[in-house]
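What follows is a set of notes on a single structure, which appears directly below.
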Amino acid sequence: MSEKYVVTWDMFQMHSRKLAERLLPASQWKGIIAVSRGGLFPAAVLSRELGIRHVETVCIASYDHDRQGELRVIHAAETDGEGFIVVDDLVDTGNTAKEIRNMYPKAKFVTVFAKPAGAPLVDDYVIDIPQDTWIEQPWDLGLGFVPPIARK
């Protein structure tokens with residue numbers, strides 16, 4: 001990745017709220033499925049803004065800070081997705097998105113950010129990001145990158 005795009009908490013909340021507005025009326029949704037870990041943050045905002053208390057997770061590992069690796073499904077919410085919003089922070093290459101589409105074919109799949117390779121795989125997103133740009137999300141940052149406590 002040649003460029004970095006740094007996202008602040010304020011930016012992230014603003015974009016997530018914009019996504020929530022596009023998902024109205026809230027009464028059409030049974031719940032939210034957050035793609036762990038990046039989708040947990042927008043899921044919290046969507047849950048609050050739409051008044052949805054039923055939040056599930058699908059745990060798919062594909063990244064280790066700045067490297068994309070093999071896809072592993074660790075946990076999956078048991079539904080075909082009907083009436084659910086599936087949310088992730090980003091769609092990048094589309095590898096995770098393809099797996100999500102197979103798992104939850106009837107869900108509305110949304111992300112905050114989308115890169116060109118993955119954008120056609122989601123139903124909606126807020127911000128376009130160039131394919132060669134790495135996103136530094138606010139939960140990964142202090143004044144610089146902060147490794148998770150478990151890695152120390």
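Glycine too: its Cβ is placed from the backbone N, Cα and C atoms.
Per Swiss-Prot, the features are as follows:
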type: BINDING; residues: Arg37, Gly38, Asp88, Asp89, Leu90, Val91, Asp92, Thr93, Gly94, Asn95, Thr96; note: 5-phospho-alpha-D-ribose 1-diphosphate binding site
type: BINDING; residues: Asp89; note: Mg(2+) binding site
type: BINDING; residues: Asp92, Ile135; note: guanine binding site
type: BINDING; residues: Asp92, Thr93, Gly94, Asn95, Thr96, Trp134, Ile135; note: GMP binding site
type: BINDING; residues: Asp92, Ile135; note: xanthine binding site
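For Asp89 (Mg(2+) binding site), the nearest of the binding-site residues by C-alpha distance turns out to be Arg37; the candidates were Arg37, Asn95, Thr96, Trp134. The binding-site residues recorded for this entry are Asp88, Asp92, Gly94, Thr96, and the Cα of Asp92 lies nearest to that of Ile135 (guanine binding site).
Of all Cβ atoms in the shown protein chains, 24 besides its own fall within 10 Å of the Cβ of Leu90 (5-phospho-alpha-D-ribose 1-diphosphate binding site). Counting every protein chain shown, 19 other Cβ atoms lie within 10 Å of the Cβ of Gly94 (5-phospho-alpha-D-ribose 1-diphosphate binding site). The full span of the recorded 5-phospho-alpha-D-ribose 1-diphosphate binding residues, Arg37, Gly38, Asp88, Asp89, Leu90, Val91, Asp92, Thr93, Gly94, Asn95, Thr96, taken as their largest Cα to Cα distance, is 17 Å. Between the CA atoms of Leu90 (5-phospho-alpha-D-ribose 1-diphosphate binding site) and Trp134 (GMP binding site) there is a gap of 11 Å, rounded to the nearest whole number. For Thr96 (5-phospho-alpha-D-ribose 1-diphosphate binding site), the same-chain residues that are 6 or more apart in sequence and have a Cβ closer than 8 Å to its Cβ are Val35, Ile60, Ser62, Leu71, Asp88. Not a single one of the binding-site residues Thr93, Asn95, Trp134 has a C-alpha within 10 angstroms of the C-alpha of Arg37 (5-phospho-alpha-D-ribose 1-diphosphate binding site). Taking the binding-site residues Thr93, Asn95 in turn and counting surrounding C-beta atoms within 10 angstroms, the largest count is reached at Asn95.
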